[in-house]
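Per TrEMBL, these features apply:
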type	residues	note
REGION	1-192	region 'Disordered'
COMPBIAS	50-69	compositional bias 'Low complexity'
COMPBIAS	70-110	compositional bias 'Basic and acidic residues'
COMPBIAS	116-130	compositional bias 'Low complexity'
COMPBIAS	131-143	compositional bias 'Basic and acidic residues'
COMPBIAS	152-165	compositional bias 'Basic and acidic residues'
COMPBIAS	177-190	compositional bias 'Basic and acidic residues'
TRANSMEM	239-259	transmembrane segment
TRANSMEM	334-355	transmembrane segment
TRANSMEM	419-437	transmembrane segment
TRANSMEM	443-460	transmembrane segment
TRANSMEM	472-499	transmembrane segment
TRANSMEM	554-573	transmembrane segment
TRANSMEM	580-605	transmembrane segment
TRANSMEM	625-644	transmembrane segment
Amino acid sequence: MSTEQPKVSNRGADTDPSGATPSGGPATEAPAVTPDGSAAGPTSVPPAAPATAADVTATPAPAAPTKVDAAAKTDREPKDAAGAKDDVKAEADATTKDTAKEKADGEPKADGAGGTPTAPVGGGVTPAPDDLFRPSERARLAAEAKAAARARRAEKAKAKADARAAAKAKTGPSAKSDAKAGPDAKEGDPKTAATVGAMTVVQKVTLVKTGDRWSAFAPAPVTLPGRIRRIFHAIGRGLIHEWTLAAVGAVVLAVLMTWPTLRYPQHTIPQDIWDPTLQAWQMAWSGHILLTDPTQLWHSNAFYPERWTFAFSDTLLGYAPAGMIGDGPVAALVRYNIIFVLVHALAFFGAYVLARQLGAGKTGSAVAGAAYAYAPWLLSQAGHLHVLSNGGIPLALAMLARGHGWSLRHGYRPERRHAGWALAGWFVAAWQISLGFGIGLPFAYVLALIAVVAPVIWLVQRLRSTGPKRPFGVKLLLADIFGGAVFAATGLALSIAYFKVAELHPYARRSVGDLELFSPPVGGFFTAPPESRIWGELHAGAREALPWNAEMTLLSGFVLYALAAAGLVFSIWTVRQRLFLLAAVLVSAILSMGTQFFGGTFTYIPLFETLPGWDGLRTPGRLAIWTTLLLALLAAGAVSALVVRAGESVAERVPARPGPWLRLATLLPLVLVLVEGANVTPHPIVPAQPAAFRQVDGPMLVLPSNQGVDQHVMLWSTTRFQPVVNGGSGFTPRQLTEIREATASFPDPASIGYLRGLGVRTVVLLRDRVAGTPWQTTIDLPVDSLGIQREDAGEVVVFRL
């Protein structure tokens, strides 16, 4: 019978946690291995039971001791730093060779006498190779490796702390005695020996490894980024976000599509030099007066001595913050040109965001933004900044839809509600209405309609639903109440001034006759303005048939019409949603025709006579903004469906992405829409301010006075904002008409007395404008007998009363 000791199973099937064998014989002594690989003295190891013949046959001979065991029996006397490094290197080499050999043999070798397996540092029994593939075994090994790594880090931290403490001790009163441990220390000095011993311990703790053969399985330590790096990462993520890219792209596109607006912004202005100069003055006045005397906002320096003159037309009050920057006519022109570009960018961005919120894809949303911002009919409105400033409409609708968790494609999703977005939507809507009621009033009624209909639909669906019912949300309800109150208060505060103007000037009210003059026929939807680069000359004959073509050329774009028609057949929207959009398009188009659709008896006229403020809208054709927006959403559905189909067609390819031709095909609608929106808008040079305007005091009258000259005078007054009798706006006050008639013979005693009675102290005659007027012959006559002073200031003649 063989006396060979049987092998101990690596899986622990034949041993209990205490190490005793099933037979329970006396224990033998075997050296234990510490975490750093050194022998820690004998430990109790139970002897093996007598082996049977079957055991001898089935059990192989024990393996020879490995290098790790040899290293464990070596003397562990203190060594210097070089010796410690050599030990660590030799120990690591031995471990690496043993691991490689175990992999080659297919099972781990037993170490030590009697075939006792070497225990890993983390405790437990070394697993067999097939155990390493078990998830539980891998998890255990990973946990042990993490524990070992934490122990090493703790030892290193303690060693560093000891080293710092030793360094601080040397800087104290005993620095001279401690210096003996340096290069000049004498051999045999007790202090020197103590210092060298301490240094040896520090070196040994720092350099000797723990000998964990499973440390390779430990995950790499995760280094958390610092606060500055996190800030930069957040900024980087924000810069590449879809909304950031869309906003930047919208601005770049606006600069290109409106070029050369920013080529000479201090000298030129888009379209013409009349209404744009009026609006440049409006922005300058609002910014100036809000900084100096906000109580006089509605009583501007123009139309002296009238009151509430700032409300004679749409005010663009929402641009007042921009008006606070700079002063004078040049600053007003630069400001106007910059905002002219930005309103196109905002219109593109707003429509893009709305289409995305409703469920359209990126390419389809880009088509919607381009179609809405660069529709050909808007080129005829290039001189009306308050009409072009419509980007807040789709942006506010998108924010409100996002805040209420609603999407046209996906319906109502309560989990996506966000009170902050809803509140922001109400604020944007309030800002939009502050730009003017010409565009803002219909928008206000649309929001009011949504505010009435949406809760009813939500309540009906809630009652019909059989699933769990989620509450509307207190925060969202409060956001709607507060935001709606801000919106209503803004509209009410602005309307007070306009109602006051209507009270003081009842002749300024619009009539049905005004509607008939500005109501476009159905042919206007297929006629482009002369500023269109593609269709301008081709549609010259069609424009001649229109009585007021500036307000009747309402072509939204033939490409947009085709895409919207395709969206009725092929779209991401459902059939019901397409029909809803189509019905909304027809309603908005009919309202845009004013009295041209069966006299407007059942369409526009009831709104004109019933809704408060609607009688102030004399140009129904501007409601084509809503027609264009709804057509853009239909087109976005078609283009988005096209992109989805293109992605499905290449799903089986390797790699699964569309080729260049397919990409070009999906971008072709966007390119065509932008090409059709190209313009040839003129950019005339604005007359420069006469130098005398920077010194002349008011109240003053500039002659000759008419709508065109007076708007230039208003712009020239932005240096000092002195009161001026001149003014040009949505209507002409009767008093201004009387002043023009009374001063036709100036300078004479009657006109001088009349002006003195009004409080006018200065009259300025423009030499380059008097040709063909009564002042052509009287401008240089002596005035000594009239009791006034005459001063020739070059391009102007100043009369001081």
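Every residue gets a Cβ built from N, Cα and C, even glycine.
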Count the Cβ pairs between the transmembrane segment (554-573) and the transmembrane segment (239-259) that lie under 8 angstroms and are 6 or more residues apart in sequence, then report whether there are at least 3. no
Counting only residues 6 or more past its boundaries, what in the same chain has a CB within less than 8 Å of a CB in the transmembrane segment (625-644)? 351, 354-355, 358-361, 363-365, 367-369, 371-372, 375, 377, 387, 390, 393-394, 408, 439, 442, 446, 525, 554, 556, 560-561, 563-564, 566-568, 570-573, 577-578, 581-582, 584-585, 588-589, 592, 665-666, 669-670
Closest-packing stretch to the transmembrane segment (472-499), where packing means Cβ pairs under 8 Å, from 239-259, 334-355, 419-437, 580-605: 419-437
Chain residues outside the transmembrane segment (239-259) and at least six past its termini with a C-beta under 8 angstroms from it: 270, 340-342, 344-346, 348-349, 352-353, 356, 362, 369-370, 373-374, 674, 677-679, 681
For the compositional bias 'Basic and acidic residues' (152-165), jot down how many residues DSSP puts in helix, in strand and in coil. 14 helix, 0 strand, 0 coil
